[in-house]
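Heads up: the structure comes next, in structure tokens.
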Amino acid sequence: MSSDGEKEDLKEDEGGDSSSPPPVAPASSDVKEDQEVRRPNGRVISDFLGACGSLDIKKMREILDKDDLDPNDIVDDVGQNGFHYAVCSILRNNTSRQTSVLKYLRKKGLNVNKARTTDKWTPIFLAVAFGFQNIVSWLLSKGARIDISDSETRSPEEVAATYRFHKIKDILIHHRSRVPHSRFSCVLSGPAISSPTSPPPPAPPTTTTTITNISSQEPSSTDNNSSVFSPTVEGEAAENITTIKFHVIPWNLIEAGYAGLWGFFYLTASIAVASYANVISAFGAAAFFGFVAMVLYIVDAVFKLKGFRGGFISQHSTAANTPS
């Protein structure tokens, strides 16, 4: 009898009474509280966004990996995420570090089209406004939208035009266009090609010409500073596509020299007024440089009349009249 009683006592100690109720699952409110605990607090948000702004990728990894956080949950009080801070980094001159941070944030799944609440600007608006051409191209390649508008109904293209970043505006127009192009192409005019509802009329016989575009902005060491762009276009759209050959000319230097000549004109004139010695020679030099600047101005005007919308000096690559 005693052995049977000991067995029953051991059975109760090991498994308990068979009639006892099963363990109760935690209430849903408790699970919700646990999830809220794992959400970033104010200190984590400040540290992470600060690391994005200072391009400290090591600290960013530590913050995200420590509590297994989602970077999309880390935003400031106006809705800016890590992309906003990385684009506006105080160390934005360090392009390699900035690109590494942007790639890391994208790898972690951060939303590239997050709009802040103040003016509805996404990261690409900031990149356009600051004139970061490489960052704009990178954001476009990662799915940044440009068919959006800010609180003032401005598109990224209009923001680029407002701040006179013509090359960035060209990049945005090229991205919107469905005409085949490369980074070296120059589409001067013509609408975007859409799928025709009826067969196009037969194109007249034309002479096929391969035009070599030589980029002065981003030369490549593998192709001797040249790249061939020959889009395959049929029908009437082929007549609207114009390409042009640009030689390697220091356009920025020409534009700077154009403005510098006028500056030197006023400088020499002020020196002549301030001093009584060599007045004739000072005015002579001022007149000479003013004459050279006037010649450049006339050349610029002639090129505009010839159809180069941006002119010889201010702009050398456009993609105009391309509908969205």
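Backbone N, Cα and C atoms are what each Cβ position is placed from, and that goes for glycine too.
Remember, predicted model here, so these are calculated numbers, not experimental data.
The compositional bias 'Basic and acidic residues' annotation in TrEMBL covers 1-10.
According to TrEMBL, the feature compositional bias 'Polar residues' maps to 213-230.
For 1-38 (among others), the entry in TrEMBL reads region 'Disordered'.
The region 'Disordered' feature in TrEMBL is assigned to 192-232 (among others).
The repeat 'ANK' (119-151): residue composition by secondary structure is 17 helix, 0 strand, 16 coil, according to DSSP. Sequence annotations record features per position, and here TrEMBL assigns repeat 'ANK' to 119-151.
The transmembrane segment annotation in TrEMBL covers 253-273 (among others).
Feature annotation from TrEMBL assigns transmembrane segment to 279-299 (among others).
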Cβ contacts under 8 Å made by the repeat 'ANK' (119-151) with residues that lie 6+ beyond its boundaries:
83-84, 87-88, 92, 95, 98-99, 102, 106, 112-113, 157, 159-160, 163, 165, 167-168, 171-172, 175-176, 324
